[in-house]
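Pulled from TrEMBL, these are the features on record:
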TRANSMEM  A:7-27  transmembrane segment
TRANSMEM  A:33-52  transmembrane segment
TRANSMEM  A:83-103  transmembrane segment
TRANSMEM  A:110-128  transmembrane segment
TRANSMEM  A:160-179  transmembrane segment
TRANSMEM  A:207-226  transmembrane segment
TRANSMEM  A:246-271  transmembrane segment
TRANSMEM  A:283-305  transmembrane segment
Amino acid sequence: MSAFAKPLKIALGLAVIAGLILVPMNFNRYGLFILSQWAVMSIAAMGLNLTLGYAGQVSLAQGAFVGIGAYAAAIMTTHGWPLPAAILVAITLSFAVGWVLGYPALRVQHHYLAFVTLAFSTLAFLVFRNESWLTGGIYGISNIPRPHIFGIATNKPLPFYYVCLGLLAIVSLAVWWLIRSPWGRAFMALRENPLRAQSLGIDTRRYTLMAFAIGSALGGVAGALYAPLTQYIDPVPFNLSLSLDLLMMVIVGGAGFYFGPFLGAMIAVLLPEWLRFTEGYYLMLYAVAVMLLLIWSPTGILGILDRTMAARRTKAASALRAVAKSRLETVQ
Amino acid sequence: MSAVLEVTDIKKSFGGIHAVNGVSFDVREGEILGLIGPNGCGKSTLFNCILGQLTPSGGEVKLDGQIVTGLRPSELNKLGVSRTFQLLQVFPKLSVRENLILAGQEHQGNMASRLVGRSDAGLTGAANQMIGFFKLDHLADEPAGGLSYGQQKLLDAAMAFMGGPRLVLLDEPAGGVNPSMLADLKERLVAINREKNATFVVIEHNMEFVMSLCSRVMVMAEGKVLAMERPDEVRKNPAVIEAYLGH
């Protein structure tokens, strides 16, 4: 079975990538908007998955970092800066703010940390709304331009969707590298057993701050794409409910699983659209679907898959052990 | 023999309770020092004070003559001080091999090289060797949380050795480990002690284990040092019999 597993996985991965590139060519404007939104939210959720899923640090502020990135990009690109420069600024700014927000996590954990980050989320919203000299206040910032990439204009929905998809690919590779590196292992150590981690030389303070900063930076990247996607931003999309949505994406997809955020974002962005035919009921159905899923599998969609695989592995392992044991007994 | 660890007048109180009340001792290079005493006499608190997990209310800890009081546990570990815990402390979702790589990775390179370098920090070989040494081969790819209690204890000990420590503080390594596995564990500890010249301090209630393993035994009672003698002397010491061993 395992001999086929790897080529099968690669084939499946390539099929999904080809599908993401080819299928949307026939999509209408709205379909492409939704799919671009999925890519953007996947990036933000991947950041939160790093902070929460891998490093175990609860954050209700990811939406605020999307906002920080979005405002940075909106302000810069409407003043004539190119989007890549704006993305770099969004990353730097969210990384720095995320680092500072990590300090409370060195003292408080779990629900208490959630409250600290919730307060930060509110603070960020108030800054977006009240500092109108910078952010345009409740009127927001409009006419956000879409970039020219290698001289190609991305004003139309399809080219801009490819921009989102391209950035999603870059972020996915970077995160994949990160979680496989010793840093990723140290993040998981923070989640699983910080006390033991310390005694093994793991600088838990530095890694905690890094988990916050990198996760937040990815929120900033998502925001820097969100602004040119909608081409108009105001403070409302970046209030607490976005943070809660992102948290739900991570949990529903499967916190601490690499593919969790992609699935979670798909459910959060696409499921409401698919349920639209039920008209007035679609949000209720959506809420019920999420509740049922979490009752069935508290570890999210990928948690179900993980359990099935683990059960299969255990079966295979105990079969092997039985064989080994009988051989030992024969030898004796 | 020179002292690896010198502890001078360490005190730790929690509210009105003096858990550790002025303990001084030294640990000589290459020895295995036993630490025994009744429950609640301050053994684990003493360990936590030495290892920076607790800040002592008073006193001083020296490692190779350098004052290390107040250093964080991770900093002490980098200086070559390692430990095991009384209760199971492994990373349940990581495989046995990943647990061991994690235990050694912070001793390799720096933050930057751990980000851009090899994902195993070049430790797969060392981890496999440790797995073989502790006879955990058939479990190398299993999640640590799925191991039996005794196997997790072995893994916990193996993890303490991954960074190549000079001094290891073991908190009840034999607790809950079955006799045949215990013999294995003792054999491993002695081997590492001899071959790597690692120094051990061992908290343990299993007297047979302590007496056969340790060169000296320190007895604590009510936060103080009651005796510091050779194992055979401890057995005959009336004060120790009264406070701990029983008649």
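Including glycine, each Cβ sits where the backbone N, Cα and C put it.
Just so you know, TrEMBL annotations never went through curation; they're auto-generated.
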- Note on the structure: Given the transmembrane segment (A:246-271), its same-chain partners at Cβ distance under 8 Å and 6+ residues beyond its ends are 34, 37-38, 41-42, 44-46, 48-49, 52-54, 59-60, 62-63, 66, 175-176, 179, 188, 191, 219, 286, 289-290, 293-294, 299-303, 306
- Query: Counting Cβ pairs under 8 Å to the transmembrane segment (A:207-226), which of A:33-52, A:83-103, A:160-179, A:283-305 comes out on top?
  - Reply: A:83-103
- Item | Remote residues contacting the transmembrane segment (A:33-52) - C-beta distance under 8 A, at least 6 residues beyond either end | 24, 27, 58-59, 62-63, 65-66, 157, 160-161, 164-165, 167-168, 171-172, 175, 178-179, 187, 211-212, 214-219, 221-223, 225-226, 229, 245-247, 249-250, 253, 255-257, 260-262, 264-266, 268-270, 273
